[in-house]
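Record features (Swiss-Prot):
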type: BINDING; residues: 65; note: O2 binding site
type: BINDING; residues: 65; note: nitrite binding site
type: BINDING; residues: 93; note: heme b binding site
type: DOMAIN; residues: 2-147; note: domain 'Globin'
């Protein structure tokens, strides 16, 4: 399941493009997530009042949270050695927000689609496969941590 050095390099090169506009990418990821899986919006009290795509596009709270979501880059930069970063994240997601692992899959899909849309020429099959593996590693490790906190997610 682990990634080799070349795969990690592909992931981090792509993530550098994401970080060049973290707010824009993060907002696009949340927009795609909520459009594809509207049930996920129930986990976000501050977004429940947003009913239309225009309201979502204009939401400053949603833009800010998009940046927060994409701090995932800090975990990716650890190349799988992310125990210290993952523990507090998994604890809040398991015990406070109660985010099911399935929702982590949904947001991973949204991340992949947004990167593919915004960076099609740089996100070929190899880079996509590497990113998919990195996000899967993240999700699997989150799921393991969830169990440590007694959340089956």
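Note: Cβ is positioned from N, Cα and C throughout, glycine not excepted.
Each of the binding-site residues 65, 93 was scored by the number of other CB atoms within 10 Å of its CB, and the largest score is that of 93.
Mean per-residue pLDDT, taken over the domain 'Globin' (2-147), amounts to 95. A Cα-Cα distance of 14 Å separates residue 65 (O2 binding site) from residue 93 (heme b binding site). Per DSSP, the secondary structure of the domain 'Globin' (2-147) breaks down as 118 helix, 0 strand, 28 coil.
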